[in-house]
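Okay, here's the structure, questions in a sec.
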Amino acid sequence: MKKKVLVGMSGGVDSSVAAYLLKEQGYEVIGVTMQIWQDDEEFIEKEGGCCSLSAVADARRVANKIGIPFYVMNFKDAFKRNVIDYFVDEYMEGRTPNPCIACNKFIKFSSFLDKAMAIGIDYVATGHYAIIEKHNDRYIIKKSEDDKKDQTYALYNLTQFQLERTLMPCGQYKKSKIREIAKEIGLRVHNKKDSEEICFIPDNDHGRYIKNRFPNKVREGNFVDKQGNILGTHKGIVYYTIGQRKGLGIAFGKPMYVVDINPFRNEVVLGDLEDLLNTKLIAKDTNYIPFDTLKEPMEVEAKIRYSQTPSKAIITPIEDGRVRVNFHEKQRAITKGQSVVFYKDDLLIGGGIIEK
C-alpha cells in the first residue's frame, strides 16, 4: 500500500517540484496550500506573495498538471497566534524576530503535521533545501546540495518526532536543476521568481505593518548616544533593528548605526560601527538535532543570520537550557530575537534564539 504524503504547496517552483518528485517515487501525494492570510482584502492585496490569490491558483494548476488532489486548509488562527502576534510582540520589546523560523516550528512542522496525522497521512513534505537522513537510531539534518539555497538555518527547531514524518526531496538538488525539472514537465512556475519578503508583509515594511495594526502602541521617542544624550527623534522602536544605518531620517555628519533598543525608555541607541562588534552571546530556547542536550563545550561553526557564512565558535551549556556562544572572531550586529545556528561541516547541530 502506498504511503501517503501531504505536500505544503506555496505555488512556487520548489514545493511544486517536491510534489512531482514524491509522486515519481511512488508516494500517494496530496497537495495543500495553508490558508494563513487574515482577511479577504489582505488575501487579494498579496498578489505574488506565497499566500496570495495567485499563489493558490498556481498551486492548484500544478496539482492538476501532475495529477494529484489539491486542497486549501485553514491555519489562520494558529498563524496569527504563533507567528503574527509573536512578530509584533518581539518588535515592541525591541527585538528582531524571524517569522519564518516561528512558522516552521509552530505551523509547517507542528499544526500542519498534526492535521496530516489526524486524517491518516504518513508524512508531510515541503520544498525546503535540506537533507534529512537517519543515522543509527537518530534523524539528522544536513545542508542541501545547493549552498546558496540551503535552508537549514530555519530548521534547527525540528524534533525527532517531526523529522521521522517529514520529507524534503529538493535537498538533493541544486535550484537550477529544480527549475529544469519544472520546465521539462511543463510547469508554468518553472521561472517564477523566488519569494524573499515576509509572506504576510509583501512590501517588507514591518514598521508600517505594526503601526497600522496597533497605532496606539507605536510612539515617537528619542535617538540617544551611549551616554544617554538626546540626538533626535525616532518614529517608533518597531521601525529599527540592530546594525541599521539607513532610514534613520536624520544626518549626523558621519555613519551612525543602531547599536541598542531600549523598549522601557522607548529609546533607540546610536553608535559607531565598532560598537556593533562582539564575540559573545547567550541563546535561549535551544534545540539540538544529533543529540537531545548539549552536555559539554563543543567546537562548531555558527551563524547569527540566514545569509551569513558560519564562523568558528565554542558553544557551552549554561543554566535553563541556554547556551553561551564564544566566537573566535568578532561578529557584526548580534541581534536579540534572531537565531544563532550551529554546524559541524554540513551537519546541522542545532540553535537557539539570541537573548543577549
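One is the number of the first residue shown, and numbering goes on along the chain from there.
Cβ atoms are placed via backbone N, Cα and C, with glycine included.
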Swiss-Prot has Gly8, Met9, Ser10, Gly11, Gly12, Val13, Asp14, Ser15, Met34 binding ATP. Which one of Gly94, Gly120, Gly127, Gly171 is in the same site?
Gly127
Spatially, which candidate from the recorded positions Cys103, His128, Cys199, Gln338 is nearest to Asp14 (ATP binding site), comparing Cα atoms?
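So, of the listed recorded positions, the one sitting closest to Asp14 (ATP binding site) is His128.
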Just the number: how many Å between the Cα atoms of Gln338 (site 'Interaction with tRNA') and Gly12 (ATP binding site)?
26
By a 10 A CB contact count over all chains shown, which of the recorded positions listed here is most packed: Met34, Cys103, Cys199?
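Top count of Cβ atoms within 10 Å goes to Cys103.
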Taking the Cβ of His128 (site 'Interaction with tRNA') as the reference point, list residues of the same chain whose Cβ is under 8 angstroms away and which are at least six residues distant in sequence.
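The list for His128 (site 'Interaction with tRNA') reads Asp14, Gln151, Ala154, Leu155, Met168, Cys170, Gly171, given in order along the sequence.
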